Structures are given as structure tokens and as C-alpha cells.
Amino acid sequence: MEQTLKETKRQNPKKLLGVNTEDAKVALSYFTVAFVSLLLGGILGLLQGLERADLIQLPSWLNYYQVLTAHGLLLLVVFTATFTIGYQFANLSHSFGGLLPKVRKLAWIGFGLMVFGVALVTVMIILNEASVLYTFYPPLAAHPLFYVGLVFVVVGIWACCFGVFINYRHWRKNHRGQVTPLLAYFAMGVFVLWFFASIGVTIEVLTLIPWSMGLVETTNVMVARTLFWWFGHTLVNIWYLVATSAWYVIVPKIIGGRHFNEKLIRLVVILIVVLNIPGGFHHQIIDPAISTSIKFLHVFMSLSIAVPSLMTAFAMFFVFERTGRKLGGKGLLGWLKKLPWGDVRFLAPMIAMISFIPGGAGGIVNTSNQLNQVVHNTMWVVGHFHVTVGMSVVLTFFGICYWLIPYLSKRQLTPKMNKIGVIQTIVWTVGMTIMAGSMHIAGLFGDPRRTSDTSYGGHEVAASWISYELIFGIGATILLVGVLIQVYAVFNMMFFAPKGETEFPVAEPEDNAAPVPLWTERWGLWIVLLLAVVAMAYVVPIVDMILNAPPGSPPIRTW
Amino acid sequence: MKQAIYGLILFTFLALPPVANLLESIMIMHMHMQMPLLVFAGFLIARFFQLKFPQFFERWNANGVPGMLLFLIIWLYWMVPRAMDEALTSPFMELFKFFSLTFLAGIALRDSWKKLGNIEFSIMYIFFTLKFIIMGYLYLAIEDQICNNYLIIEQKTLGWGSLAMAVCFVIFGFYWHFTDQSEYQKVDL
């Protein structure tokens, strides 16, 4: 008996202990920062929407570009990063039966560094010293402390990366001949991508600090933009990989099914990790200084991400159909009715997945050279990433909250809270469809993004955008309602919901599933392939940009 | 056999004039993308020949060394700037490039891949790493235009590209040498 207890302790301590409270604190702290950022970012988003719709006039001490910069950074960087880290550490803790103490310490160090960095960045934006938009590339120059703050954020993320790598290696050494649990595998993919993505932006920011301080006169704008998108585009796919982890592993369990073939799932992770970074070039498709033939070759690099995406789409709908039929669904589409549409843990990620269809299609438009000429720097782009991030990713994150937060805080998801979640999901979907839909259309008519006043002296073309801009405002208002409901739900489940046990829903493989090959665990090889792909993609344009560099740009402050 | 068909499709794709022209218009793409892809096509096609003529390979490439030497000679030949130039100016040389890299180098590489022992494999690995470093250095250090068809900036780009590949090789070499993969393998107690 004692032997069995010992074995259970060693192999699966969470069975004895439930959630590890120390690890839960880490995850919940990250979630707290995430949802405070969501609230602030959401309010700023509404202000922008209303200003754009000409319904309000922002005061002189808080201008449109400050609001735009803060909205972008708080939501695209802070919210997504902190949510991802909290969720991934919770997954690791669950998969590995608790984090190693030193890894937990690294997670806390990362937390401290990130909070400090974000505070520095936010203060600089509020002081109107950093209205450089969330992409912060030159020639717009912020106060040096803004960039220093970003360095702290990146170093904080690195601390978390190393924590994950250490824990992963430790588990593998102690579980010879076994593949890691699927959620841990996803976490490894996410943090490997994060580490290599952030190298580009780190080099960029480290060159911008002396430039913004006046120690260096000029900077190479093209190189900086390229390094930014090395990071920026990869960040998009980091969110996507995080969302995919929930789609593949969590959602099948919630609907009462099994997950898809694990070898394919792991292949998707490997492909996303290896192929990802060079996709950044499609953000620069209109930039000068990159030759047309290189841009053309990069279309292949960008579109290659469609391969794992489509694999995911087919795999997920296969799982839905198989489960629906097992539950008694008949006919061509009868299985759809058998899915638990009333369960927010399913509804939110399901809508997220569906929205990835128009999101992905829009992405293909952006990646295609000729089509991009039409939509570049218009509201179309804003609409696109509100569909992809704001729906596909964020709704998945929201769906995760409804089981993960009660699980971590040892509380229950009550039927009432589930209903609130369903309402929130509907509100969010309606708001985002209205807002992002009208943004797409306005963009096609030429409405520019990142511009506070687009009346252009009452020109008739500009006048045709006004009705769509009013719809942005309506959409943004509905979305803020969605934010308020979500923030309420999160903090309610964290502190006030009734005590109890909540399941951590991890899907099992099919009974007759083939064993997972160990070669999928060769992270060293995947990383070298990632580096080789990056080298293939970046050497030509960057050498060209440096050897044929223009004089460079001094720091410019337009405000 | 499926692999051989994929290989043939890849080979045909690479041989399409617009694809070949695009890849050959940029020096680094010519050397670091088109040529390796041709070898890879041959690597896939090799399965067909291995199944059709097992005895031939058994007789001529029993320990993998002859095949590897053939691969090496052909690969190194195409690293010579003049050979690249000729491929661009003479259709016969272009034809020879497609044939030699796919059907001589690619097939030989595939057949030798599993037959080579650890020591031979390590020697090859170190050789290729050094080749990338030396080529990278040469292309960066030489001030003259060494290919009639490519500008000096393309030469420099190729130099940086070769160094980047060398870095990847070195990292992987260290990873392979210093991590004990058996640590992760199953142990029979």
C-alpha cells in the first residue's frame, strides 16, 4: 500500500493534492494583471472608437495617439502575454504535478520585471512622452525610459521562458522513454517561439535607446521595422498556438470526446514553431528597400502557416463530428446539435474557431502582394486583427477562464456564472462582428487607420466613411459591455464564487491510438531548423538594408 | 514509393522556367535554396531506385562511403563560382546541374545516409560546417566580383548566409554532442 502511495506521489501528485496552491498563486497573479489590463485597454478602446466616430472630443491632455498607443500595448502585449503565461504555467503545473521551486521563483521574478516594465511604459505614455503607437518603430521616438520599460518586459518573459525550459528538461530526465503531456508540449512550443521572437525586438530596442537619448544621431529605419515584425508577427502566432492548445486538448474533453491523433497535433506545433518568424515580412509588403522578388518569395513563407492552420481546422471538425455522432447525432449535420452550445467553456472557443475562418481568409488577403496594395494601412487591417486577436484568440482565452480560474481558486463554476459567460460571449461576438465588419468595409473604401481626424475638410470620399465610423463606435460600446461582464466574471470566480472542486478538462487519446513517436521531442533539432529558416529569410533583405543603407533617421517627435 | 512521386513533383516544380529564373536571379537563393532543394528532390526520388535496383546499391555502396564521396564531389563542384556562372549562361550546364544534383548527389546521399557509421558521419558534419565557415569568410573578404552574373552585394549576402548556416550547424553539433539523448530513452530496469 505504501509503495502505491509513494508511486502515486511521484507520478501524479496532483491526484493527492488537487491544485498546487503555490502554483495557483502564480497563475492567478498573472491573470489579475491580464484582466486589469483588459479593463483599462477596453475603456481606451471605447474612447478611440467614440473619437473616431466624432461623438466625443478627447481633452488636450489625453490625445488620440496616446490612447491608441496605450490601447495597443495594454491589450496586444500586456493582456495577451500575462494571460498566456498564467495559463501556460497552470498547464505545466497540472501536467507535471507541480512546478519546481526554482521555476516558480523564476515565474515570480518574471512577474516583477514585467509589472515594473509595464508601469514604466504606461507612465511614459500618460506623460505624453511616448505616443509612438504600439508598434513603436522609428522614426517616431519615445522617451528612453519607454524603451527601458520594454526591456524589462522582455527580460521578464525570458525569465518565464527559462523556467519552462528547466521544468521541461527536468520532467523528461525523470520520465525516460516517455513523451511529455500534450499541454506541456504546447507550452514548450509557445515559450521557444517567445524566446526567439523576442530576440529581434530586443536588438531593435537596444539600438533605439542610445538613439532616443541622443547618443547616436541616426538609426536605420528599415532594419528596425524588420526586427519589429520579426517579433510582431511571431507574437500573433504565439497567441494562436496558445489558443490551439485549448482547442486540441481542452475542448474535446468538454464536449465529451477524445482528442485527435497526437502525432498530428505535435506536428502542428513543430510546424508553427519552425515556420513562423519569417511571416513578419508580409507586414512590410509595401515597404521600400525590399526587392519585389524577395517579397514574392516571402509570400510562400507567410502562407506556409496556412498548412498547420488547415490541419487544425480539419482535425477539430473531425473531433466535433465524431463526438457528436457518438452522442447520437444523425444525418449530415445532426451531430452539430449534440454539441454543448449552452456551456460557455465550449461556446466561447467554438465561436473563436469559427471566426478564424474569416480571420484566416483576411490574412491571406493581407499576405498577397496585390491585394495588400488595396488595404494597406486602412481600417481593413484594424478590422482584421480585431477578428483574429479579438475573436479567435481572446474568446478562447475567455472560454478558458470559466474552468481554469475556479479550478485555481478552488471554487465552482455555477450555472448562473455559466449563463453570464454565455451572455458575455454573445455580447462580445455581436460587438466584434459589428465593429470589425464595418472596419473591413470602411478600409476597402480607403478609410485610413491610425488617424484621429479623417474628415479631410469634408471631402465626399471621406464623408462616405462616416456612417461606418459611427458603427465602430456602436461596436466599441457593446464590446466595453463585454469587457465589463468578463472582468466581473473573472474576479467573481477568483474571490467570490462558492467553494468547491472544478475539473481541469484534459482530453484523453482514443483507446486504439498509436503511440506517440519520441522524435517529436527533439527540441534541439526544431530550434536549429527554426534558426535555419530565419537565416534563409532574413539574411538577404537585412544585408541589403545595411550595405545599401540610406543616411538614417534622427529621432522624430510629431506631437 | 509515394516519396519518389513527391520528389518528382518537387523536381518538376523547380524545373519550371519561372521558378528556376526566380531562384537563380538571387545568388544566395541559387546556392542555398535551389541546389539543396534539387538534392532533396533526389533524396526523395531515391526510394524508387533503391527498391528497383537493391543489388546495384548493395554492390557499389555497401558501406555508404562511395555514395557520400559522389555526393561530396558533385556538391563541391557546384560551389565553384564559375560553375554557377556556366549554369546560367549555358543551357547544357543548366541541364547538367539539374541532373547531377538530383540524380547523382541526391540519390547517393539518401543511400549513404543510414549506412555511414558514426565516425564517418561526424567527419562529414565537421567538413560541411568548416566549408560553410570558410566559404562565408571568402565571400565576405573578397573585394572582387567572382561571378559574372551576380553583383558584389549578392556575394556578400551569400557570405553572411553561409556564416548563418555555419552557426546553425555549430549549434546543432554542440547540442548533439553535449546532450546525452540516451538520458531520455527508455531504460529497462
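Here the Cβ of each residue, glycine as well, is placed from N, Cα and C on the backbone.
These figures come from a predicted structure and were not determined experimentally.
What TrEMBL records for this protein:
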TRANSMEM  B:32-49  transmembrane segment
TRANSMEM  B:61-80  transmembrane segment
TRANSMEM  B:92-109  transmembrane segment
TRANSMEM  B:121-140  transmembrane segment
TRANSMEM  B:160-178  transmembrane segment
*asked:* Taking contact to mean 3 or more CB pairs closer than 8 A (sequence separation of 6 or more), are the transmembrane segment (B:121-140) and the transmembrane segment (B:32-49) in contact?
replied: no
*Sort out the residues at least 6 away from either end of the transmembrane segment (B:61-80), same chain, that have Cβ-Cβ distances under 8 Å to it, and list them.*
31, 35, 39, 87, 97, 100-101, 104-105, 108-109, 111-117, 120, 124, 127, 131, 135
*Taking a Cβ cut-off under 8 Å, which residues six or more beyond the ends of the transmembrane segment (B:92-109) line up next to it in the same chain?*
7, 11, 14-15, 20, 35, 38-46, 49, 61, 66-68, 70-71, 74-75, 77-78, 83, 86
